[in-house]
Amino acid sequence: MQTPQIIWSLIAPQYRGLANKVNRKLIQSSIKHYFWYCKQFDKLVHPFYYLTAKKHTPLFNQQLVDLAQSTLYFYNLSVFVDKSNAGQIIKNVTGSVEPNQITVIFGPSGSGKTTLIKQLGLVENPTCGFLNCGNFYYFANQKHNRATKQFQNSIGYVLQKAEEQFLCDSVLEEVLTGAINLGLCQKGDVNFAKKYLEMCGLHHIPLIKNPLELSGGQKKRLALASVLAMQVQFLILDEPTVGLDQEGKALKSALLKQLKQVTRIMIVSHDVDFIYETADSLIQLEAGQIVDQMSVADFFNNMQLLQRYEITPPLVVQTIQLLQAKGVQLNDPLAIKTVHDLIDQLKPLFHDQ
């Protein structure tokens, strides 16, 4: 692992002199000394903490800007089972999550997918490495400060089992609680709640109903509505299609594609058909390491990659391959994401006959 370096192009001009000094310190620090800094003095609160340790106030992260439209970078992230650095779960991964895109973390069970998204959302703290988004930097083992809290408030996390994040006894309270805590609405604001319930297809649900009495699909949509009500800039969903029928998956896909216009979205999923229809980019994990990062279309149309990872192609990709093997020439195969897209490209062929 290399010691982290501050990305020069992301530093405002007035801070570049400070950044240069910090980079020199990081270059001179061995890995052993780097961890010693983290564990003994906990001085890596942000890139410039070296220079402000006595004041305990950040010079750079006082007010976060451009989170929604900035790429989220992660560098050399590692996660160990315990403080003795035994049992490495995530192994020095580096990558990025682009704004206005849906990025999927993909890989076999036990590869570290859920662990990775928890680090990126700061639900859990990485053992080493750092995150950067806009003018926000977060180093492993640092103390949480105002900037960290602001970044965390910009993130919405929807668990695989939605009921595990329910806190209230009614649908109305469940949607409003997080937004009230952030000062976005008042208690009992029915119109505010209805806006997000309608967005998630729950306009017909009684507001006084207990969330635990909803169906599995409705619970997932309610959990999403409560997160969206907090007006997050980064949405993380763990296995969003588990327990959903085809109609529910189609609704979820359409909603996420609409939401990506105003936020970045990261999902963990094994559902190749949903991924192919919905996501833009893919990060492939194997045994805690990133082995590929590319567009979803390129990944699922690369038969060598799919064979290497023993992945069954999405149904629509299999259908396209069968048609092409029969000599059917499609206008733009990579643009076909759903059966409806395929039918639209096949219609002119039948009309020509």
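We number each residue from 1, going along the chain as drawn.
Including glycine, each Cβ sits where the backbone N, Cα and C put it.
The Cβ of LYS113 (ATP binding site) lies under 8 Å from the Cβ of ILE105, PHE106, GLY107, VAL268, LEU285, each of these being in the same chain and 6 or more residues away along the sequence. Swiss-Prot lists GLY107, PRO108, SER109, GLY110, SER111, GLY112, LYS113, THR114 with the feature ATP binding site.
Swiss-Prot lists 72-312 with the feature domain 'ABC transporter'.
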Averaging pLDDT over all residues of the domain 'ABC transporter' (72-312) gives 89
Could you work out which of the binding-site residues (SER109, SER111, THR114) has its C-beta surrounded by the smallest number of other C-beta atoms within 10 A? SER109
Out of PRO108, GLY110, GLY112, give me whichever of these binding-site residues has the highest number of other Cβ atoms within 10 Å. GLY112
Shell of the ATP site beyond GLY107, PRO108, SER109, GLY110, SER111, GLY112, LYS113, THR114, same chain only (C-beta within 8 angstroms of their C-beta centre): LEU285
